[in-house]
Structures are given as structure tokens and as C-alpha cells.
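S.K.: First the structure, then my questions, so here it is.
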Amino acid sequence: IIWAATPRLPAGGGNASLELSSRLPAPAALNPWDVMLCVSGTAIACENALVVAIICYTPALRTPMFVLVGSLATADLLAGLGLILNFVFQYVIRSETVSLLTVGFLVASFAASVSSLLAITVDRYLSLYNALTYYSERTVLCIHTMLAGAWGVSLCLGLLPVLGWNCLHDRTACSVVRPLTKSNVTLLSASFFLIFLIMLHLYIEICKIVCRHAHQIALQQHFLTASHYVTTKKGVSTLAIILGTFGASWLPFAIYCVVGNPDYPSVYTYATLLPATYNSMINPIIYAYRNQEIQRSMWVLLCGCFQAKVSFRSRSPSDV
């Protein structure tokens, strides 16, 4: 049996768990779910590759905020490439060793993506809570430390199945996503729940700070203007959309990994995993393409001769 990097339906169908395997002698039947994952990975890779290229080739985009956005785009780019490689190793080139490496690659990439989202949330909170000292060297050091820790932990999580924490030789220990063990996916799900709760708490605090600032402005001007109300409402709504999108994408898969049984139909895992990949497709839209400096740099990169005739305002990390 050769183990591929991401899930596919077992040859027997029925109530078997999502299995990352195929038999070497006969070619595997093309699974539509695997095709959708590959298409999703292609879209993710293309979107985020453009963001990474823009940030790398634009000297002005060297602020802590864009470093964090670049980290997120890099993680999502790697995740997209991992989904493509999974398809290749599952249907074209079959190798147990390489496929197991791809499993770890996908785990590390998605873990880095979620960790980068947490780092961006922390950065937005700090930019509001410590607005006067945000642009200090201490903040830059803090962000670089956060990113180093996030990528370090993600790499360790990705190495666990490669170094032996898998169910290749013990089918009874398998989870709904083989060859990851039940204890492995439980650890990953618990880590996600912790990150989600921290992000929820920080975004609630950000909403409080935004509302407090609006109230202070209203007191200074002796009344709350309609524009201030609209701006505050828009900011809170945007935060809700960001957190809601993240939760809606990942929560179903994380919950199913904990409560799911390996004997359940594999379609359940596919149906929860596919929306999770969409988060990496939405991230560049939320965190990159809405930024005016990235929009201008994108036109310069794509057109080469674009000359900005309007003044673009550089957004602060607290802009949402």
C-alpha cells in the first residue's frame, strides 16, 4: 500500500474512513473530491504567489504589518502547493516515503497559516493598545519573535507524522484522516481551538478599543456624528467577518477530527476538509488585496508602466 499526502476514497467505498492509500498494481479511480482539492490548491497557490511576489519586490512593503501578511501568504502558498503535490503523488507518482513527507508538509503549512493569522491579530491589537510605542524597535523584535515561534511550532507539528507518529503499521490507531493517528489530529484540533479562542478574545478587545475611541471623539466634539457611527460600525462588522470566515472554514473540520470515527464514510471528511482549504483562498483577499499599497504595487508588477496619479494612503495595522 502506498500512502498519499491527502485524503481519497477507499477503493471499496462504503463506510470506510478517509484513507490516504492506493494499491500500486492498479491505477486509482479519479475521485471528484480529490480533483476539487487540487483545483482549490491551484487557486490558493496562484493568489498567494502574487502576494509574496509583490511584497518581495516592493521595498516600501517592509513594515511589520506586511511582514506578517507575507508570512501568511507564504504559508498559504505552501499549503496550495502541498494540495497539488498530493494529487500528483496520489494518482501519477506513487511513493510511500514522498507521500508521507507530503502529509507533514501539508500539516506544517496549514499550521503556519493559522499561526500567522494569530500573529496578525496580536499585531492589530498591539497597534491599538500601544499606539504610541507601536512603531518602535521593540515591536519589530516582538513580531519577528512571534513569527519565528509560529513557524518553529508548525514545523515540529509537520515532522511528527514523518518521524513516526502515524498509523502506517497500526490501522487501529488511525483517525478519519490517514495516516495521521487519532491522538495526532486531536492535538492539532486542540491547538486550533486554543488559537481560535485567543483570536476571539483579542478581537473582542479590539472592538472595545474601537468603540472607546469613537466615544472619546464624540465627547471631544460634544456629539457622535453619523460618520463616526458608520466608521465604528464598519470596523466592528469587518472584524466579525474576518473571525466568522476563519471559524466557518476551520471549525467543522477541527470538530469532526475529534468526534469522527474512522468507520464513518470518507465523504464526511472531504466535506469538512474542503471548506478549510477555502480559508487560504480567502486570506489574500482579506489581508492583502484590500490594502491600497498592495493594490498599487500589484499594478506596477503586472503592468510595469503604471504610474500612480492619485495619492494612496498607507493603512496602519489597526485598519480592518
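In case you wondered, yes, glycine gets a Cβ from its N, Cα and C as well.
The following feature annotations were taken from TrEMBL:
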TRANSMEM  33-58  transmembrane segment
DOMAIN    47-287  domain 'G-protein coupled receptors family 1 profile'
TRANSMEM  65-93  transmembrane segment
TRANSMEM  99-120  transmembrane segment
TRANSMEM  141-165  transmembrane segment
TRANSMEM  185-204  transmembrane segment
TRANSMEM  236-255  transmembrane segment
TRANSMEM  267-289  transmembrane segment
S.K.: At a C-beta cut-off of under 8 Å, are there same-chain residues at least 6 beyond the transmembrane segment (99-120) that contact it? List them, or none.
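M.R.: Contacts of the transmembrane segment (99-120) (Cβ under 8 Å, skipping residues fewer than 6 from its ends): 2-6, 20, 68-69, 71-72, 74-76, 78-79, 82-83, 85-86, 89-90, 143, 146-147, 150-151, 153-155, 157-162, 166, 168, 179-180, 188, 191-192, 195, 198-199, 246, 250, 276, 279-280, 283, 287.
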S.K.: Counting only residues 6+ away from its ends, which parts of the chain sit with a Cβ under 8 Å from the transmembrane segment (33-58)?
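M.R.: Residues packing against the transmembrane segment (33-58) from afar: 6-9, 66, 69-70, 73-74, 76-77, 79-84, 86-87, 90-91, 267, 270, 273-274, 277-278, 280-281, 283-285, 288-289, 293-294, 297-298, 300-301.
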